[in-house]
Every structure is written in structure tokens, then in C-alpha cells.
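Structure record follows, encoded as C-alpha cells.
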Amino acid sequence: MPTQRIISAVIGIALAFSLLILGGWYFSAAIALVIYLGLREYFQMVRAKGIAPAAKTTMVLSLMLLLSATVTPHLTDAFFPLTGALICFYLLFQPKMATIADISTSLLGLFYGGYLPSYWVRLRLGDGAVNPMGLHLPLNGFWPESWAHPENFPTGLLVTILAFACIWAADIGAYIMGKWLGRTRLSDISPKKTVEGSLWGVGGSLLVGVLGAWYLQWPYWEITGALLGLLIGIVSLLGDLTESMMKRDAGVKDSGQLIPGHGGILDRTDSYVFTAPLVYYFVVLLLPVLNNL
């Protein structure tokens, strides 16, 4: 792995982990920056196809969805169709009549680049309970008083760390084992991905999921942890392939050049987009049911 790529990865993980721990508006601001930069790259690819989306309007409304996820998370799902309607209304009154492609790419940008990432904020927020075992900073920030007792960290933080760890395990496992053992191409969409590497990546995510469920004392932790790890491994891979499909259609190798050795923001966050709602509803809907059995 090139030195530049390693340095970028280490810096990125350190920043992401620090902001993840801080939570509150610090984490929301970080996600807002990712949404803004990611949508810029997305709309550059869209324009490369000769399409004229409502880029600025979609960016603003995507950030408003994130604001809702931070302040009123229970209303974010209700705001989503309203913001979609506003995009349609905006395009309706433009001097040049909008095409189906203009409308659909704008709505996809809202969904892919704004609504889905907002689930990371909701997941990190957790149940919103105040945890006394840490320093409570301005802007709803949190910092542990002691690193020796992570069991006292906010539940939302622990679950989000677990989700990140599963994604990292899947990415690292697929990259290393794919380089070593990869023989069978997985898909023409992403020629460098192999079946062998992907299976090892999913296996790494599954293992981390089981360990995390055991640590968090989830009900039936062997099953719930394996299921979550398996789903994250698969969905993060599908997220990667989805972004690769968009890049191939736009005729570009990378979504951008922002991160040395890695490409653009979308190239680094594609595995996270679909994972956030998966983990959120797994924790919010499935675990409470199992707790009552």
C-alpha cells in the first residue's frame, strides 16, 4: 500500500474517531462537511452526462435534513418527502424546462447524499440520555473522563463505533486478502474487486460484529452480532459498487482528488452511505423485540 495512501488513511481515521467521540454538533458539522463535499463530487459526475440538476437547492435541503436529524431526529423522515417536493417545485419554475434526468438525479442526490448520511447523526445520538461518566462540552459535546471504562460511554457512541469497526474490518479484509488470494473478478463494475477478497471482508465484518455484540451484551449476542456483521459487510460492499457504477457511467476513475492516494470524498465514504440506516433500524427495531423475548 503506497505511503501516501497509508498517511491519508491514518489521519482520516484519527479525525473521524475524534469527532465521533465528541458527538453533538461537532459530529454533525463533520457529517455536514462530508455531505457538502460529497454532493459537489456527485453533481460534477451528473453534469458530465449533460444533465442540469438542482445542485445548490439539493445541497441546502440536504443540510437542512441533517439539521433536523440533530435537533428533531423524530421528524427527519417526515421532512424527507417535503424536501423532495421542494426540489421538484424549484425545477418546475426554471426558465428551461427540466428533464426527467434533471429531476431524478436531483432527488437521488437528496436521498444518497443527504437523507441516508443523516442516519449517522441519529445513530450517534442514540436515546439522547445524558451520561454522567464523562465531560459534557459546549454544543452537546462529550469526552470520556476515563478510557478505562468504555462501558460507561453513551450507547449511541458504542453502537456507532461498532458500525465503523465492521466497515473498517470489511474494507481492510477485502483489500489485503483480495491482493493476496484474489483470483475471481466480482463484477465488471469494479474490476479490481474479487470474490475471494469480498468474502474475507464480509467475514471480518461478521467477526467484529460478534465481538461487539458480546461486549455490548446484546440479547442472543452470537446471532445478533453475526447478523449485523454479515449485513454490514454485504451492504458496505454494495455501497462501494453503487458508487463505482455511477463513476463508470460518468466516465471517471475517481469521484474527485481531494484525499491523496484515495480519490474523492465519495470514494472513501461509499461504504458508509447505506450502512447507517441499516444499523439504525437494526438497533431501534430488532434489538428491542429480542429483548422482550
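Glycine is treated like the rest: Cβ placed from N, Cα and C.
Per Swiss-Prot, the feature transmembrane segment maps to 6-26 (among others); the stated evidence is sequence analysis.
Taken from Swiss-Prot, the feature transmembrane segment applies to 51-71 (among others).
The transmembrane segment feature in Swiss-Prot is assigned to 73-93 (among others); the stated evidence is sequence analysis.
The annotation transmembrane segment is assigned in Swiss-Prot to 97-117 (among others). Outside the transmembrane segment (97-117) by six or more residues, the chain places 31, 34-35, 38-39, 42-43, 46, 49, 51-55, 57-58, 61-63, 65-66, 76, 80, 83-84, 87-88, 91, 269, 272-274, 276-277 with a CB less than 8 A from a CB of the stretch.
Annotated transmembrane segment per Swiss-Prot: 157-177 (among others), in sequence order, evidence recorded as sequence analysis.
What Swiss-Prot lists as transmembrane segment is 195-215 (among others), and the listing cites sequence analysis. With a threshold of 8 Å between CB atoms, the same-chain residues lying at least 6 positions outside the transmembrane segment (195-215) that come near it are 162, 165-167, 169-179, 181-186, 221-222, 224-230, 232-234, 236-237.
Taken from Swiss-Prot, the feature transmembrane segment applies to 218-238 (among others). Long-range contacts of the transmembrane segment (218-238) within the same chain, counting only residues at least 6 positions beyond its ends with a Cβ under 8 Å from a Cβ of the stretch, are 162-163, 166-167, 169-171, 174, 198, 201-212, 271-272, 274-275, 278-279, 282, 286-287, 290-291, 293.
If you look up Swiss-Prot, you'll see 273-293 (among others) marked as transmembrane segment.
Counting Cβ pairs under 8 Å to the transmembrane segment (6-26), the top-ranked stretch among 51-71, 157-177, 273-293 is 157-177. Listed stretches 51-71, 73-93, 157-177 were compared with the transmembrane segment (273-293); the greatest number of C-beta pairs under 8 angstroms is found for 157-177. Below 8 angstroms of C-beta separation, residues 25, 28, 31-32, 35-36, 39-40, 43, 79-80, 83, 86-87, 90-91, 96, 98-99, 101-102, 105-106, 109-110, 113-115, 117-119, 121-122, 125 of the same chain, each at least six residues beyond the ends of the transmembrane segment (51-71), sit close to that stretch.
Residues 54, 57-58, 61-62, 64-65, 102-103, 106-107, 110-111, 114-115, 118, 121-122, 125 of the same chain, all 6+ positions outside the transmembrane segment (73-93), place their C-beta atoms under 8 angstroms from a C-beta of that stretch.
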